[in-house]
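Feature annotations, reproduced from TrEMBL:
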- ASP37, LEU38, THR39, ARG64, GLN80, ASP84, ARG233, TYR237, TYR238: L-histidine binding site (BINDING)
- 57-323: domain 'Aminoacyl-transfer RNA synthetases class-II family profile' (DOMAIN)
Amino acid sequence: SPLASPQETLMGKYGEDAKLIYELQDQGGELLALRYDLTVPFARYLAMNKIANMKRYHVAKVYRRDNPATTRGRYREFYQCDFDIAGQFDPMIPDAECLKIVHEILSDLQLGDFLIKVNDRRILNGVFAVCGIPESKFITTCSTVDKLDKMPWEEVRSEMVGEKGLSPEAADHIGEYVQLHGGLDLIERLLQDPQLSQNKLAKEGLGDMKLLFEYLTLFGITGKISFDLSLARGLDYYTGVIFEAVLLQQENDHVEESVSVGSVAGGGRYDGLVGMFDPKGRKVPCVGVSIGIERIFSILEQRVKASGEKVRTTETQVLVATPQKHLLAARLKLISELWDAGIKAEMLYKKDPKLLKQLQYCEDTGIPLAAIVGEQELTDGVVKLRDVATREEVRM
């Protein structure tokens, strides 16, 4: 999908986050914007190509006109890795697979303890309805509820009342619900809730949530999953299940920064988005997940820094080295042979480097082997292979 889209393609899809869209003024006066995520361009692609069924992943850069905070992995230009399933299927089966994939990725990366919070837009809208919020305020209330992971309920409540114009009673009523989290037992309890069970949307959402948890139990991952009513995800395009993966507090206290990294993956169901781009309004149900690669990198970097271990920044297998002067030709010949054989080799770009300097370079960059050719080796037609760590040498 293209980096730049007409502005109207991106507008009206992201709620309050729309202020972070990077707008560009084309020389011809055409209004363009850089893509904010990979989801909206994907929906547009499905609509333009009349695709009703697709399962895909996409890794690419997205842009946000945000205040960068590099220690927390927050940038204006960063990579997202998305996985989406588009098509008409039975409820919750693709949704469960998306959650399984997030669980698998975060487990394999060994980032420490994590939690995947799950909720449903229909349940939230049902909660807002039974609390007496007018439908026109659902989306802005959603954006406020979404801040619960960053600020305490008192502040969220005062924003609802002060900025969003909700009555204090309605805000308190919402507070009774959005502070709940649990598993199947909570879903059962809410299905019995006298008010929520009367609301068609909430009942639908809770029924699907129950189904989702049954599938997640079969996948064996419910230990890391929490049904959390405070999860709102501020974007406008979500229509059903929403989820977000957060890393939990690291046990060792000196890695202070890594606690604040926050969400590393998020996603949900967006059944109405493709229809917005289709001239005939044909809908394609979709569910997907997005993983923030930079966020994960900043955690891994902090972890390595704290442990003091060396990170190999290169995959080079061998350094071609010479112990005496005037042997550049021998190095060039040998490295050429190694490259032709598909071996990852390097040499220092100096005519006559000192041997110690070459071996030191191997230690600094973590290159495991040095292939040494000196005058004696050239005479004997051999190469001396040195294991940099153990200093053992063999002639071949």
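Every residue gets a Cβ built from N, Cα and C, even glycine.
Everything TrEMBL records as a feature, shown here on the structure.
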residue: ASP37; record: L-histidine binding site; CB count, 10 Å: 21
residue: THR39; record: L-histidine binding site; CB count, 10 Å: 28
residue: GLN80; record: L-histidine binding site; CB count, 10 Å: 20
residue: ARG233; record: L-histidine binding site; CB count, 10 Å: 23
residue: TYR238; record: L-histidine binding site; CB count, 10 Å: 27
_Of the residues named as L-histidine binders, ASP37, LEU38, THR39, ARG64, GLN80, ASP84, ARG233, TYR237, TYR238, how far apart in Å are the Cα atoms of the most distant pair?_
21
